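Novice: One structure follows; several queries about it will come next.
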Amino acid sequence: MSIICKLGTAAVVVAIAATGCNHPPQIGAPHTPDRAAVVDPQYTLIQEPEAGYAPITSLIDGASKSVRMTMYALNDPAIEQALINAHTRRGVATTVVLDRAYHGQRTNQSAYDYLTSAGVDVIWAPAATIVHEKAIVIDDATAIVSTANLTAQYYATGRDALVVTSNPAQVSAIAATIDGDYQAAPDGRLSEAVDAPGLIWSPAARSAFVQTIEDATTSLEVTSEEFTDRAVLTALTHAAARHVQCRILLNADNQPSASVQAVQHAGCAVHVVPQSANGLYLHEKIVLADRKSLLIGSHNLATRSLTENRELSLQLDADAAPKIIEAVSTVFETDFAHASDTER
């Protein structure tokens, strides 16, 4: 199999050159190392688990002015140390917002304590709202929008992706939202997310996902850790009824379910990644329409994710990010081919 590791900044390229693209177990597929570093003008795709997370540490290590982070789950000593080094050794303004809702405080307490002890500006998000966003802004010039949490124990087997954007409007909006949340959190609330073209924020994300599905004319490729939102399911069934090729890739714990059965009955093909201690766990969240429009980020296709949480995804098109869309499609094809057909 050939999976392209797309790396956009000098720091990312250096990290990949030093570590190579890792190749942990795939869904029964052989491994063919691919060292290519291919970049769209304003975007870079870091495909996991092949690339590893050294590129993220390197981006933080390269910061000279500021690092902002909002993270659902942070439990990675290397990244935590990189944040501390930025603050204590280089005088970089470092701001971190960590999720506290659900099991967030238990997951993030160690990182919170470690960063706080070193003087990093870290704050808990309000406990009333799940902050499932996974975003980092470096020097007001580069932002990372991720499907992945920064939890090292899952790196080796987690199918995830991170997109690095240098689009000025997007970077500015993400930075402003992190700043707003940091300032509002002590009052028990989040700020209003700052919009920019190509950014999809919850709690107002459902319409963008439904519209992308409704606009598809030839094909839909979907991966999601959760698959329950009724509006999305309805849009997918209608797409299948229009004879749009609809293919959905899920983890085995989503099947059988009423949601899966509904889209299968409408004509969507559903494959599931088998449960395995050493195989891939599907954590990536994408909707790819007509191989031209891509939604990728933190959003699961679940009602809470789309309408209640703080979430962030990017919407990319084939004009702005043709190589990323090609790479995401290639990974989907490989994973779908090696997953199990639920109707067999």
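Cβ coordinates come from backbone N, Cα and C, glycine included.
Bear in mind that TrEMBL entries carry predicted annotations, made automatically and left uncurated.
Predicted, not measured: the structure shown is a model, and the values here were computed from it.
TrEMBL feature annotations, pasted as is:
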type	residues	note
SIGNAL	1-17	signal peptide
DOMAIN	127-154	domain 'PLD phosphodiesterase'
DOMAIN	278-305	domain 'PLD phosphodiesterase'
Novice: State the mean pLDDT for the domain 'PLD phosphodiesterase' (278-305).
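Specialist: A mean pLDDT of 97 is what the model gives the domain 'PLD phosphodiesterase' (278-305).
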Novice: Using DSSP, what's the helix, strand and coil tally for the domain 'PLD phosphodiesterase' (127-154)?
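Specialist: Grouping H, G, I as helix and E, B as strand yields 3 helix, 13 strand, 12 coil.
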